[in-house]
């Protein structure tokens with residue numbers, strides 16, 4: 001067999017068609033450095049998935065919440081249909097929701113004569129002094145909610161790189177918090193529960209045992225989902241970058257971390273590429289294209305077994321259904337620059 005044929009066979013398709021076609025996928029994460037077009041890519045991928053699947057949910061865990069801006073409609077904590085679609089919904093969640101919000105099932109502590117003692121708050125503070133517990137419980141609560149909804153596939157528009165992979169550590173964080181709370185409960189629980197009475201002094205009138213049960217159920221949810229995250233048939237991670245040194249460096253760091261957690265990643269979307277016409281006299285365009293070409297070659301070399309999608313720098317912002325659909329087509333049908 002000739003070398004040319006081998007290379008043609010080995011060449012990975014420069015599109016996300018394989019992800020859209022893989023009907024076993026349940027979780028798709030889209031991540032990368034800030035400002036590289038993550039939200040545009042995740043919205044566009046969700047649009048393509050909506051053509052192939054019965055129901056798609058797009059979730060933003062980025063505190064900046066750009067989904068509303070991208071689609072030009074307001075989204076919140078509850079999933080709602082995207083205008084113009086019957087099977088694509090979106091929601092924006094705050095990954096740093098407070099423990100009070102998570103555990104409180106009702107208000108009215110002001111009527112409780114024991115609430116002023118602060119013993120419940122002290123227990124809560126001790127239990128949640130472990131870094132990341134707040135975020136872990138919030139994420140687990142979201143997963144619990146999402147699991148109860150019957151969406152075929154869920155696309156996460158994640159926070160910038162530094163925060164993207166925190167969810168992988170959440171089961172461990174929750175286990176630590178549970179161990180700490182169990183220890184406190186076995187030592188002081190019966191005494192505190194009897195002192196505080198049936199109100200328990202914790203948010204929503206829960207006692208310490210109920211708090212433990214709540215955390216245990218969240219830990220089980222997040223552990224179960226994390227097992228799915230490590231299954232390449234069910235989960236994949238799409239990296240988004242631009243052809244610049246820092247973005248490429250972040251992408252490499254992220255891919256190494258994903259690999260260490262056994263999370264599948266085999267697609268990179270390279271945004272904002274310049275394609276100056278032959279003979280163009282725009283010096284800046286040509287200089288930038290030369291730089292981008294260098295980093296593109298590095299990406300092709302480093303990730304030869306990845307689907308590398310090349311997306312052009314557009315003259316207008318990608319906002320609104322029409323422009324997102326146009327952009328989403330280029331994720332599937334590779335962009336051909338005009339000659």
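The backbone N, Cα and C atoms fix where each Cβ goes, and this holds for glycine too.
Record check: Swiss-Prot places 33, 34, 35, 36, 37, 38, 39, 40, 271 at the ATP site, and the matching candidate among 13, 244, 297, 300 is 244. Rounded to a whole value, the Cα-Cα separation of residue 282 (Zn(2+) binding site) and residue 37 (ATP binding site) is 25 Å. Take the Cα of residue 62 (active site) and measure to each of the binding-site residues 33, 37, 39, 285: the nearest one is 39.
Around the Cβ of residue 244 (ATP binding site), the same chain contributes 291, 292, 295, each under 8 angstroms and 6 or more positions distant in sequence. Other C-beta atoms found within 10 angstroms of the C-beta of residue 62 (active site) number 23, with every protein chain shown included.
Its Cβ taken as reference, residue 35 (ATP binding site) is surrounded by 11 other Cβ atoms within 10 Å in the chains shown.
All protein chains included, residue 39 (ATP binding site) registers 23 other Cβ atoms within 10 Å of its own Cβ. Per the record's binding annotation for ATP, residues 33, 34, 35, 36, 37, 38, 39, 40, 244, 271 show a top Cα-Cα distance of 19 Å.
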